[in-house]
Structure formats: C-alpha cells, structure tokens
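According to TrEMBL, the protein carries these features:
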- A:57, A:58, A:107, A:135, A:138, A:274, A:275: carbamoyl phosphate binding site (BINDING)
- A:86, A:172, A:234: L-aspartate binding site (BINDING)
- A:7-147: domain 'Aspartate/ornithine carbamoyltransferase carbamoyl-P binding' (DOMAIN)
- A:158-314: domain 'Aspartate/ornithine carbamoyltransferase Asp/Orn-binding' (DOMAIN)
C-alpha cells in the first residue's frame, strides 16, 4: 500500500509488507515516545480528533501521538454538536471538518460510518473505531506488541503460539487479530471460550486456510501450557441468560498468578485489550499478576502511541524527516528508562 | 476601526473600509490555510475558546485558525463548570478567564452576554455567537465568500444580485448579511420566503435606504433567474402550525440540480450557512447539487478559517509579521490544490 | 523536598523552605505569564490534564500554565470514558494514562483517589483537587497572594494578621491555609464564623501549637479592624436547617465598600477562593468592592497560573532553562501592564 495520503480504515487494507513497514516505523518512533529525543516534524499540522463516541484512552493516545510529532490537536467528544442529529449528512460533516485539519482521526458508534466519512473527506482519515466493525489501530498495536515481546526472546510472528481466551464471539480485537495472523506462517491458535461465545466460523476457516493449526476448546488450563501469548478478553455478562451462568464461565477463564505458575511455560506473555474489569466478580486478569514482568497489558497501550505515531508519519509522509527536526529532551523524563 | 486590542462583538462595528481590511488580510492568510506555508507568528499565545453552548464546527474553526498562526488553544464546551450556575457573575467569569489567555472567543446562549463579558475581560474578545443576537464571523465569512466568488468572475460586491431564500424571519445569518450589504452600492436583493417567514421590515427598510433594489416574493423559480448568489436557509418546521404546512413551503424553496439548470443563469453561486438538513422531508439543497462546481457551501466553511485567522492577526497586531515567521510545509498536504 | 519527579499531592509535603522555593520560582515566571517574554522550554512535553470532575477554571489554569512553558496539553473532562465505571481500577487507569504524557494533573471527586492514582503512575502527578480532601495548588496560590500583597507593603508572612470569614467548617481552602500558616511565625488569626460553622478544633490547635494568636468570634465588624487580609468564603445555605437561619449569618458576614471603609484599616486586602456568589441573597463580597484596588480576588486567580507554572518547572526540573529558551513577545499584549 502507498501510505501517503491514504485513509486507514480497516486491517483488510494491510498486506504483510505493509504491516512490516508500520512496525519498522513504530520502532523508529520509540526514542521520541520515550522522550530520549523530541521531534517537531509536524509543527503547524493539525489533527482533527473527532470522537463522536467517548473513549478517553484512544482519544488521548491519538492526540499524544500527534503532539509527539510536533502537531496540534483540535478535537470533539461525543455528539456535542446538534448538526448531525439535525439531519446533516456525514458527507457534509466530512467536507466541513476536513477543511479544518491535515488529518482526521474519527470514532463513531455506527459501523461503516468512518469509511463513509472518509469518502467525502479532503484529508486522510484514520478509523479510531466504528462500532462493532473495525478498530484497526488496536489490532495493529496488539500485533506489534506480540512481535516485540517475541523478538526479545529471539522469536518471530511466524511460528507464533497464541491462545485467545474469553468472549471470542463478540470481541472485536480478537477478530481483527485472527485476520492479521493469516498474513503470517505456521501460527498455532488455541481458541478458549464457552461454546456459546466461540469464535465465528468464518474466522476459524480463515486461519485454517492460511495453513494455521487451530484448536477450539473451553478448557483454560490445558490450553495455556505451551503458548507464547495468552490474549485474554472480557466475559460479557450481558450476553448470558443469567448472571449465574456467566459466573460459571468466568470462573474457568480467570487467570491469576497461581494458575500462571502452575500451567504456563516461563515467560508466557499475558495480553488484554483493556479495560480489564477488576471487580471481584469479573477479574479476568487478577491484580496479583501486576508484579509479573510478563504482564504486557500496559506495554500494549504504550505501543499504541508508537503505532499511531507511525501511521501519522506514514500517511503524512514525514518518516524520513522525523530525525532531522529532532533534538534532545530538556526536562525531567520519567519515561526514558521504561523499555 | 483600530483593530489592535479591540473586541469583535457585532457587525455594526464595521465600516466599509474595515470590511475591506479584514478581507485583504483573509486573502493573505490563504497560503497558510492551504498549507503552502506554515507560520508560527503567534507561538506562545493562548486562545481561550470558551463555548458555553456547543457548536463543534465554529469551535474547531476558531481553534484551527489560531493553531494555524502558531498559537495554543485552551477551551471549554458547555456549562461544564457550575461556577456560573452557582451565581457567579459574568463579570467575575470574564475577569478570571481573561487571566488565562491572550484573546478569547466566546459563544453563549444568552443575547448580549458576550458584550457584557467583554466589558470585564482584560483581553480582546471575539463573539462566537450569542443566542439570537449576533454571530459576526459567520456574517463576515458569508460576505467574504460572496466577494471571492464574484471576483473569480470579474465582479465586485457593488452591483451584486442576490436572492435570500427560506426562513428569513428567524435566520440570524441573513439578517447580518442585509446589514453588511448596506455598506455597498447598487445591490439587488430578492427576498424569497413564505409571507409568515418574511424578512423583518426594519432590515428591508435598511436595504432600501442604502439605495438598494429589494424585491419581496414567495416564488422561488422567478427569483433565481437573474442572480449571482442564491443564499438558501433552512425552513424551520417548528415555527409552523403543522408539519403539513411547513412541507408546502419547503416544497417550493427546495433547490436541486434540475431546477438550477432550468431557472438559473450559468455559474449562479449557491450558498447556505450550514448545517443543511439532508433528510428527505427537508432537503433545502439537494445532494445532487454536490457535483455542481457552483455549490459554494464548503468554500464558505473553508473561508471561515481565513476570516478568523484575519481577525486574530488584526486584533493581536501581527499581520505584518506572519510571513516573517513562516516556512514551507514539510508534510503530505491534501489541501494544497483545493482552491 | 526534592521537587524533580515528585508528585504534588498535599500541602503536608511542604516545609517552609519548599514554600519559599515555589514562590521564588513563581516570581520568576511573571514575565512569561504577563507576556513580556515567551519561553518554549517544555516544547514537546505533554500535560495529561485529567479532570474526572468538571472545574473549568482550574483545568484551564493548569493547561495555560503548561502552554506558557511551551508544552502541549491533552485532557479529559468528566467521566466521559466508561472504562472506570466498567470496573477498571485506578491502578490500571494510571498505568495507561501515564504512558501518554510527561506529567499529569488530576482532579477527582473521591478523596484520596489522586494519591492512589499517583502510586501507579509512571510520571509525576499534581493533585488538582480530590473531593473534600486536598487542593494544594489553591492553598499555595492563596498563600503566594498573601505574601505578594504583603510584600508590596514591606511586610512578610511572619507577623501576618488575617481574618478568615464565613463557613470555616467546610471550606477546604481555609483548612489548607491554616496548615500552611503553621510554617510561619507570629501570625494573628481571627476566625469569624457562626458557631455551627466554626473551624475544626484540630486546626485551631495546630495554629496555637505553632505559637500563633487565634481569636474565634462570630462578629465581623470587630474582627476586621486591625488585619492585613480579610479572607472571605461562601456561606453554604445547604448546611443550615433553614434558609432564614442561613440568611441571618450571611447578613453578618457580608462585606461591602461601606463596611470596609468604616471598619477596615486602609489597604486591608480582600481575598476569596472564588467563585463568589453574586446573587442578591448571598453576595458575600459585594460588587461595589470591584473598584477597590485592595480587592485581590482576581490577582489570586492570576497568581494561580504563576504557582502552577512554578510547580511544573520544578517537577520537570527546567527552572534554570526557562530563560534560555525565551524571547520577546511579538503580538499585542493586553496583559503586559497589569501587575
């Protein structure tokens, strides 16, 4: 894909080489995200951070990524304006808002709305999540995190062994991850969920057609013993006929330090798209894992900044200029030594 | 008017030479708005973008205009703070907030509130709309757009032929436009509305006293055949005794491509203050006009950025320094070739 | 205290020398706050301005202070995100959000929440108010204002004569002020309140243990005749058994120009944490005091910017570099001559 000026709407746009390109640029962004250096390459550029549905962390992550490249951010949160509710078309909204910025990140509750918006926009649009449809930067940051965690162990995405755990029927992030994994070789995927919440068949087929080994199960303990990544998701109580039924499933898919120690290989990496529900009755990843250095859930969100910086730099075609407009950091920097 | 340090509260402040000055500066802002160049002339300055009533596009337009000059933006949306509802006077609010910024843009639902706020403010205040009263930057961007569209045809505001169409009784934008047109010569104004929604008499008188030719009618087709500008506004259903009655009017004032082709001179420019209601039953400007190059509604909102940049540059007295602190754009620039 | 990298959670952290340090740095910030000069020392740094409870003025004050040092601001207003309400722990929120910024200012309705958040944060956290607990920057700006007002009269905090007036039972600001005054010598404190709203005994004890002279009274007139500072607070009607009873108290503690002229020494300084209730029935500080040059309430909020700039500069360790990255202001500057 030619990134310059492109909309980033769906992970379906990405071929393996595109993924590689995004990840390499994300790697190059690390000194700036960790404040070893500051760059002002996008000084004067404006991100229109249009969140027609609230999502603090995704919104702030996009905004910070743009600031880290030197650009300014104008944003909206929720359907504050009545223009859309008064019958304004997405076409009009897009034509107007795209006159105020150089690139737009948009989140919207309606599936397909971001693509419709992008068609009328005069500047590149990045999908920040459109309902049940797509959230491509989340998918990319997940895969980027897996790659990074594997690399520190001398491994690659080819040959990955991963278990996806929890509500695999409704989880947008695990669906995207399945699609992305089809671009790689020899992946072993274990899908751990109650039968009622199993991964949609077309995604399982996709994995198998890609030559991957897929195991479908509802037993957590037997599934996590020989994997590189345990990707946990939330069990959504509201999908069940009763709270009691939901609790049964949750009991089985709850991961804590003692289960980890008993069943997992050393250094098995734990991931989760966040937020994790830390209330007693949910608690899919127990807080006692917080001390476990293989809990990668906050490295995931940190990596989100890198991936979003990479996409901005690619779409606005400044990858080669980031360093040129950079300098050392002048202030106290708590982030410097975190990776 | 001496712009430096002045509040911009009402179009009544503007004489013809002032309008000319704003528009000339707006023209000079175009290379920056189109990202042919970047300027940092207001680097370090802060806009207090105080929207006590939501209006995404106006808020973002002001904010982007300030960013494009290099300044930072702090803002508020809605009556988030309970200070005002707890009995704080506008005087106090103004005194406090004006200590946080170099210039304030304020929108407020109460007519007159922005002027009251400005009296206590220690920095210049620009009215971003105060209820039914004034929205001077909208009026200026409308007139600026008319001037620009005419100029591309070798014409000027003197001698303009314009039809204002729709709800002329309640439309704040057409009221302001009537006042501004009184500053120019030999204007032909056709006021097209149902009788119940006709332009207030004092504004019609004003136009006539300025020597302009005014025709009042409720027939769209006969009104749009010899005009330069068709300025359409929304028919507000809630003003009528019944939806059916409203629909009757809407039927008559709906402009689409076939009506345009049949009745208008070639190159008649179509304007609208936006948002336009694109729902089937309203649809004052049909979507089939989107392909018509004379549909200027998005050039209007683009021009809004230029006009707001011009006002900031004038009020903060940096017009002469904008270029000095400028340089080329470094990033992919989709906007460059749009004008 | 070593400010570099520290959280600023409570005034209890501050010793006298720390206060002195903050105030000296705040003094040094004045040329930048008044736009005699601009500094870009924090260019590239990001403030996470996390307001989980609305407070426009505090939020904008922190944001502007950070912008004035050259940094960018990403922010949130209210519990927009459902992550927290969905059971996410403050630990997780802190870990995630601290990956997006270099320093965080947090306001939250729950007492103790900011300290809990800070414990998990990977960057310094400044308490912007956590419920009934603490609002340290308000306390510091109050004391800074007192010091500055006294200094212009050749006086110091040692030897201060102050009356605190109104609801001393619930007022977070006067509680903090009492604690801070214990760090100084020979202070005379007059506590003026209805008996039902008197200062908590432990704070009175604290003042006495510090060697200060404390008078407790419910008579306003006799209390304000020999003081340097009259610090007025709101009488909170909702705390009384009836509106009539509240009105009785309010009648006695209302300060206006004629009472000031009759009872106060010349140049007695009037302060208030704001917002003041300007409605007829409340009106603890009458609007006729607005013309009184000793009304310092807006100098308080202006000073808030200085104190917040100082804290950012100290925590991020750039105090010595502020001037190096500075230059003259280029734009019209209404603030220049206000102090």
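Backbone N, Cα and C define each Cβ position, glycine as well.
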Assigned element (helix, strand, coil) containing residue A:58 (carbamoyl phosphate binding site), judged by DSSP: helix
Number of Cβ atoms other than its own within 10 Å, given for residue A:135 (carbamoyl phosphate binding site): 24
Among A:57, A:58, A:107, A:135, A:138, A:274, A:275, the record's carbamoyl phosphate binders - longest CA distance, Å: 17
DSSP helix/strand/coil residue counts for the domain 'Aspartate/ornithine carbamoyltransferase carbamoyl-P binding' (A:7-147): 62 helix, 28 strand, 51 coil
Residue A:234 (L-aspartate binding site) versus residue A:58 (carbamoyl phosphate binding site) - Cα distance in angstrom: 18
Chain C, Cβ under 8 Å: which of the binding-site residues A:57, A:135, A:274 qualify: A:57, A:274
Rounded Cα-Cα span from residue A:234 (L-aspartate binding site) to residue A:57 (carbamoyl phosphate binding site), Å: 18
Count of other CB atoms lying within 10 Å of the CB belonging to residue A:275 (carbamoyl phosphate binding site): 21
Alpha-carbon distance [residue A:172 (L-aspartate binding site); residue A:275 (carbamoyl phosphate binding site)] in Å: 14
Environment of A:57, A:58, A:107, A:135, A:138, A:274, A:275, the listed carbamoyl phosphate site - residues of the same chain whose CB lies within 8 A of the CB centroid: A:55, A:61, A:129, A:273
Number of Cβ atoms other than its own within 10 Å, given for residue A:57 (carbamoyl phosphate binding site): 20
Whole-number Å value for how far residue A:172 (L-aspartate binding site) lies from residue A:135 (carbamoyl phosphate binding site) (Cα to Cα): 8
Nearest-integer angstrom distance between the alpha carbons (Cα) of residue A:138 (carbamoyl phosphate binding site) and residue A:172 (L-aspartate binding site): 9
DSSP-derived structure type at residue A:172 (L-aspartate binding site), helix or strand or else coil: helix
